[in-house]
Amino acid sequence: MADTKFSKVDFSKYFQPPSLKDARRRRREAVQIINDFSIPEDMNTIGKGKNYLIETYGCQMNEHDTEVMAGILEEIGYTETKEATDADVILLNTCAIRENAENKVFGHIGHLKTLKLERPGLILGVCGCMAQEEVVINKILAKHPQVDLIFGTHNIHRLPQLLKEALFGKEMVVEVWSKEGDIVENLPQARRGHFQAWVNIMYGCDKFCTYCIVPYTRGKERSRHPEEIIQEVRELARKGYKEITLLGQNVNAYGKDLPDMENYGLGNLMDEMRKIGIPRVRFTTSHPKDFDDHLIEVLGKGGNLCEHIHLPVQSGSSDVLKIMGRGYTRERYLDLFHKIKDTVPNASFTTDIIVGFPNETDEQFEETMSLVRECQFDGAFTFIYSPRAGTPAARMKDNIPMEVKKERLQRLNTLIDELSAKSNAKYQDQVVEVLVEGESRKNSEVLSGHTRTNKVVNFRGPKSLIGQLVKVKVTDAKTWSLDGEWQKEAEAANL
Ligand code: SAH
Ligand code: SF4
Ligand code: F3S
């Protein structure tokens, strides 16, 4: 049935297809702060007695966007369900960073077709970064008429209006703005955690690394006003949250775009965070180019600022970094790395690495291996380069066979495992502070959490510890996690 409804429609009348070319533009116009989130009157209680399910792919930014969409849906009466078969609205919050991320989503959209036939009233929506791509929209239009609603990353605050159109209209609703982006404040948020929270400090990215789709899907760099952020974090502290993570695609560019705040940067904001009574503050993701001395100095003061730095390097070869458009050399990265290491005692470091960038030679890959050895990273996310349509790197001729890339990735991963085990071994017999996040995934008898340096710790203890900061003595340092014993006495002594 959905197919016939679909085939009658001339979509060109209804929507402007998204355009990566438009999304690439950066003008000098001031960022609009939008405060006018609204719910149409007839939508106020539309979700009463109905369920929603949001499936999230991709980065923390998407995870947090999901919390906002959940907040909006709950405000109009919907209740969360974990079962697709119980859902009246299913949203797929998608990621476009690599081809396999996209394939996973298309596979899932395919599966949902059966469910849609069983539950014709079900609203099936696709949002997030993939929705910003014209090729994706065209593929959905051509092959997946079971989708009712597509909206982009700049259209989240319009969810009540779009859902209304999807519920009461006859056509597939598509609204994707290919624009630089605004800042929408005061949106509802249904936070998933009760003691850990994400706080957006900025949106978008202007770095345009030649392989990356994010600047096209998320718009330009735009910072929230520090007062808005401080207020949100204070409120979280008041509610008893123990840990916050400040979020942005390139958090080190924070503040650059703020009018009338010439020299205000991430260092200043982190200094403000130190004054707030919240035990742990993290931030992600850093870009080495914009990581300045003031921030290093502030991180060196410690306090509630956690000593874990995620500092993506991407490659150890200055020549590859240049073609990637990263804006730093191997030497500059290493200088920065050592400066942070010297100033922030006991800091742990993690990174992101792309293997097999077009025409990467064996020698260039070896430079990545040697940089990783020099930095002795605690962990790394490693990826095989994936061409993204519309980005400059996707137009480069690539003479490196996939087999070679896979082999390199394997060698790199073996080294990363070795280094992770080595860095964990340093924790043997030490007492560490752990924020207890819940039961371990593998064994419900065991509790699991992270150290300030972001190491996973598993130990036995009562469930009442969940959400608390506790002391644990490491008894067995493994490759990717630490096993330990809860120091009950140390806890009692602290009381
Ligand atoms: N803003 C962050 C991370 C963005 S995406 C940063 O700049 O570090 C997370 C990681 O995905 C990147 O660090 C990069 O390692 C990887 N990535 C991005 N585009 C990719 C592509 N086209 N192919 C493979 N990996 C990619
Ligand atoms: Fe992508 Fe580079 Fe921006 Fe990170 S800094 S989001 S890798 S363009
Ligand atoms: Fe993916 Fe978009 Fe994040 S492309 S990594 S979900 S910003």
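For all residues, glycine too, the Cβ spot is worked out from N, Cα and C.
Features of the protein shown, as given by TrEMBL:
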- Cys59, Cys95, Cys129: [4Fe-4S] cluster 1 binding site (BINDING)
- Cys205, Cys209, Cys212: [4Fe-4S] cluster 2 binding site (BINDING)
- 50-168: domain 'MTTase N-terminal' (DOMAIN)
- 191-422: domain 'Radical SAM core' (DOMAIN)
- 425-488: domain 'TRAM' (DOMAIN)
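With a cut-off of under 6 Å between the Cβ and any atom of ligand 1, the binding-site residues Cys95, Cys129, Cys212 reduce to Cys212. Selection of the binding-site residues Cys59, Cys209, Cys212 by a Cβ distance under 6 Å from ligand 2 yields, in sequence order, Cys209, Cys212. Sequence-distant neighbours of Cys209 ([4Fe-4S] cluster 2 binding site): residues of the same chain at least 6 apart with a C-beta under 8 Å from its C-beta are Gln314, Met324, Gly325, Arg326.
For the domain 'MTTase N-terminal' (50-168), the DSSP counts in helix, strand and coil order read 66 helix, 23 strand, 30 coil. For the pair Cys95 ([4Fe-4S] cluster 1 binding site) and Cys212 ([4Fe-4S] cluster 2 binding site), the Cα-Cα distance reads 12 Å.
Residues in the domain 'TRAM' (425-488) partition by DSSP class (helix H, G, I; strand E, B; coil) as 5 helix, 33 strand, 26 coil. Residues Tyr57, Gly58, Met61, Asn62, Thr94, Ala96, Ile97, Ala101, Gly128, Val214, Thr217 surround the recorded [4Fe-4S] cluster 1 site, their Cβ atoms falling within 8 Å of the Cβ centroid of Cys59, Cys95, Cys129, which are themselves excluded. Most Cβ neighbours within 10 Å among the binding-site residues Cys59, Cys95, Cys129, Cys205, Cys212: this distinction goes to Cys129. The binding-site residues near ligand 3, defined by a Cβ under 6 Å from one of its atoms, are Cys59, Cys129, chosen from Cys59, Cys129, Cys205. Here the CA atom of Cys212 ([4Fe-4S] cluster 2 binding site) lies 12 Å from the CA atom of Cys129 ([4Fe-4S] cluster 1 binding site). Between the CA atoms of Cys205 ([4Fe-4S] cluster 2 binding site) and Cys59 ([4Fe-4S] cluster 1 binding site) there is a gap of 14 Å.
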